[in-house]
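Copied over from Swiss-Prot, here are the features:
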type     : residues                                                       : note
COMPBIAS : 1-11                                                           : compositional bias 'Basic and acidic residues'
REGION   : 1-84                                                           : region 'Disordered'
REGION   : 99-252                                                         : region 'Disordered'
COMPBIAS : 166-184                                                        : compositional bias 'Acidic residues'
COMPBIAS : 190-199                                                        : compositional bias 'Basic and acidic residues'
COMPBIAS : 219-230                                                        : compositional bias 'Polar residues'
MOTIF    : 378-406                                                        : motif 'Q motif'
DOMAIN   : 409-587                                                        : domain 'Helicase ATP-binding'
BINDING  : ALA422, LYS423, THR424, GLY425, SER426, GLY427, LYS428, THR429 : ATP binding site
DOMAIN   : 614-762                                                        : domain 'Helicase C-terminal'
REGION   : 770-829                                                        : region 'Disordered'
COMPBIAS : 784-797                                                        : compositional bias 'Basic and acidic residues'
COMPBIAS : 814-827                                                        : compositional bias 'Basic and acidic residues'
REGION   : 851-874                                                        : region 'Disordered'
COMPBIAS : 854-868                                                        : compositional bias 'Low complexity'
Amino acid sequence: METEQQQRKDSVASAGSTRQLLAQMDVKATGSPSAMTSPGAASPATAQSAEDASPAVPYGGKFDPKAIAKKASARHQSPTVLGALQGRAAEKTAVSIAAPAKGSAASSLPQGKPISGFGFGKASNDDKVPTKRKLNLDDEEISKRKLAKLPDLSLETTDDAPYVNQDDDEDSDGDNFAGTEEEAAAAARAAHERREERILQQSMAMETDEANPAAEGQVNGSEPAVSSANAPEEAQAKPQTDSMDVDTKEDDDEVDPLDAFMADLTEPSFGPASKPVKTLSSAKVLPTPEAYFSDDDEFGASTKEGVDAKAIMAMAAKRKKKEIPTIDYSKLDIVPVRKNFWVEPYELSEMTEAEVAELRLELDGIKVSGKDVPKPVQKWSLCGLTRPILDVIAKLEYDKPTAIQMQALPVIMSGRDVVGVAKTGSGKTMAFLLPMFRHIKDQEPVKDNEGPIGLILTPTRELAVQIFRDCKPFLKTLGLRAVCAYGGPPIKDQIADLKRGAEIVVATTGRMIDLLAANQGRVVSLRRTTYIVLDEADRMFDMGFEPQVMKIFANVRPDRQTVLFSATMPKIMDALVKKVLKNPVEIEVGGKSVVASEITQIVEIRDEKSKFNRLLELLGELYKDDDDVRSLIFVERQEKADELLRELLRKGYGCMSLHGGKDQVDRDSTISDFKSGVCPVMIATSVAARGLDVKQLKLVVNYDAPNHLEDYVHRAGRTGRAGNTGTAVTFVTEEQENCAIGIAKALEQSGQPVPEKLIEMRKAFREKVKAGKAKDQSGFGGKGLEKLDKEREAARNRERKTHKAEGEEDDAEDDKKTTKNDEKTDKASSAILGAASAIVSRDAAKAEAEAKAAEGGSTPTAAATPAAGGKGGALDKAASAINEINARLARAGQLRPGQPIDNKGPDAGAFHATLEINDFPQKARWAVTNRTNVAKILEATGTSITTKGNYYPPGKDPPAGADPKLYILIEGDTELVVGNALSELTRLLKEGTMAAADAESRAPASGRYTIT
């Protein structure tokens, strides 16, 4: 029997590797002993014959090696297609149960060895490589399949393969299939795809190694087995179904077994690769690459490049214009608000018209115009105010209303629009604050992010702060919130206060525009604003703020109540009043533009040299009798204020200066120190002429005379407030004839004597005006924000730097556009486009130059000449200059200014380009020639960048025989690197040009005030 068995084995061996391959595949398909053993065991431990191995079978069934060998011989004589299995289920079960016992006793594989995709990790690996199951190369799957109910299988096919494999491969490892070189190559191709998966499978394999033997022991009963009996039904049936599908397909199509096996081996490579593809397909689509340098479009010549350059230059030459979104209230459902709170008291209803007229005459000559004007009140209790407001008034010790308050309070409380004109220090602020509090308390509370109900606009920051301080005593009692917004401090803090909600906003016009334009109008909303006050309205329009004021009014509800107050109201204001007010009531107390009678006015005609000594004399007389008094000195210009400050400090007077050139923090601290008496003397420009209320202020000196009446009235009105007395001294030089008209008129209206010399100066100036030699000045010459931009820019730059250092956001800027800036933008854009030449190949340039030379044109060096501003005439001049230089020097191979681009030096490249920088600003030239920027470009592109030519002033052409204009030569081996370098240099040139244009438009504050 042994001889017969040996012959059968030899016949199988002679069949070649293909037979072995088919046999091994059948072993895996029918459940070999190695497939049934533990993953930690080898297949057979020793090379034994079938007879020696049979007694070790633990079950009671009969094991006949002869029958198995006979069936194996019949199978090898007539081989079948892979998967064509026939037999009986009973015999298959017997053999499959017998094999595990043999293998389990000979387990020699280390337990701690990491298991690959063919081991315990196969369960998770099958999810990624489903085609592995079709090849039946996994031991665990077959062990699962033996527990399922199987169809009828051929006993011949099932039993012959294990013994052929056992006899041939005594040292085969049960965990790894002993295949051919083709299988090893296929496994190697798939190895790198499973490398990352094996790391994750190691932990899973160890857990499975501990769980599966215990589960298998429940099936065998006597000794532990490997296959899991508790596997889910789907996990057991699916490998079987997949295997059967493969078998059926191969059986039907009659595919060669080796081809089918090799095809299945290559399939797993698509399994793992499919997952990354799926991930990429579900990922976010990346932006499409854009070609910056293509063959179809030369650098600097495209229309798109031109548009971009213009846009960039436009941003530098003109700052972005603030646009306030306009609200169409006709399409909104506006909730009506109550504005009329006036109920005429019984005491007033009994008064006749004659008695009312007499009362108004007694109250400083109140003049009113309008229909149905309420009668003036004489007590706080008759004004219709709430009890909390009256309690605060009592705490502030306001005994009775002033003249303007007596008439303005009942008119405003009735919901009418009002124009109030009263002398300085007459209590105009309380005249519009008290009705505003009553107006706000009648409405629903303001929620977060809702706009204010009351809006107060002022022309200066100091006046805004003054009004805000007057509001504070009422805010806590009434439960209201107020925000003071003005330029200088960071806008971020003011926006945060507004978002928390505020019923009252006191703001300057420019900062209010900034807030309304911020974040496309979503920061501040004026939809709930129904009460607007313009304090010192004439000065606001005088400074040119009419467009800004009209923008603000366009965003407020049409049913608003508007109040205008000022100490002066020129006739030119009448037309502007009609634009913003509806049927207003005009109230005039003491006349328009009149200095209070409590103020003593002194006008002195003297030369410039004697002013300072006279000032020292006035200060000495003032502080001789009383130390706790204040004096205010007005000058015309900022530098004059600083100069006078130094002179007074040298004389021992503690003083401070106040003007628009100072930071807002300094301005606030100066006013605070002046009011508290730290510095009893303050030198200021007209910025302090309005809204400044200091009780101890006894002396006002106009060191430089004001040039119009309204300014004089407000300057003098800083003293003699609230019934107190004061003195206003004005110095007028003989050259200031234009100031004589306003000062003389103010003296006449207030009943003060007018000096004869001043009358003569006024007469002389009027004659000059009639003769056309002079122009009368009456105020309203301001240019608005456009004029103030340049004057404030230096201070804003300092503030911006301070905010950046403190982590603050940049302060919002007023954006305006001028025609001059537009012209600069167009010129700079065209210059940048024309300065960059196209990228030219060295060979092409030489060929073109030789062709021109053959035609009798220019020399070969002319082709290498940089373009001079993109003009042919300049190009010819540069070419002729280069030719003359080369002819004179007669030396080759030396790099020098004007040398042709197609040189043979070490830096010569196959491609080159030029960029002329001679006519650009100094900042732009420095940006493209400084060592740091050039080194970065050289490192990034690997090109050669050389600065050539000489600098010539704008408008001057190089003389004959001289070097060409300053330009940059870029050389490189490829067109791409030259284009990249040229693009980077052009970007730097644009940035430098933008910085220069922006610096030019931001001139210092008219040379008035600088910090050194």
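A Cβ is built for glycine as well, from the same backbone N, Cα and C atoms used for every other residue.
Positions of the features from Swiss-Prot, shown on the structure.
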| residue | record | CB count, 10 Å |
| --- | --- | --- |
| ALA422 | ATP binding site | 29 |
| LYS423 | ATP binding site | 27 |
| THR424 | ATP binding site | 26 |
| GLY425 | ATP binding site | 21 |
| SER426 | ATP binding site | 25 |
| GLY427 | ATP binding site | 18 |
| LYS428 | ATP binding site | 25 |
| THR429 | ATP binding site | 21 |
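Secondary structure from DSSP puts LYS428 (ATP binding site) in a helix.
The DSSP secondary structure for ALA422 (ATP binding site) is strand. Residues of the motif 'Q motif' (378-406) grouped by DSSP class, helix first, strand second and coil last, total 16 helix, 0 strand, 13 coil. Across the domain 'Helicase C-terminal' (614-762), the DSSP tally of helix, strand and coil residues reads 69 helix, 26 strand, 54 coil. Looking just at the motif 'Q motif' (378-406), the mean pLDDT is 88. Cβ atoms within 8 Å of the centroid of the Cβ atoms of ALA422, LYS423, THR424, GLY425, SER426, GLY427, LYS428, THR429 (the ATP site) belong to the same-chain residues THR402, ILE404, ALA567, ARG721, site residues excluded.
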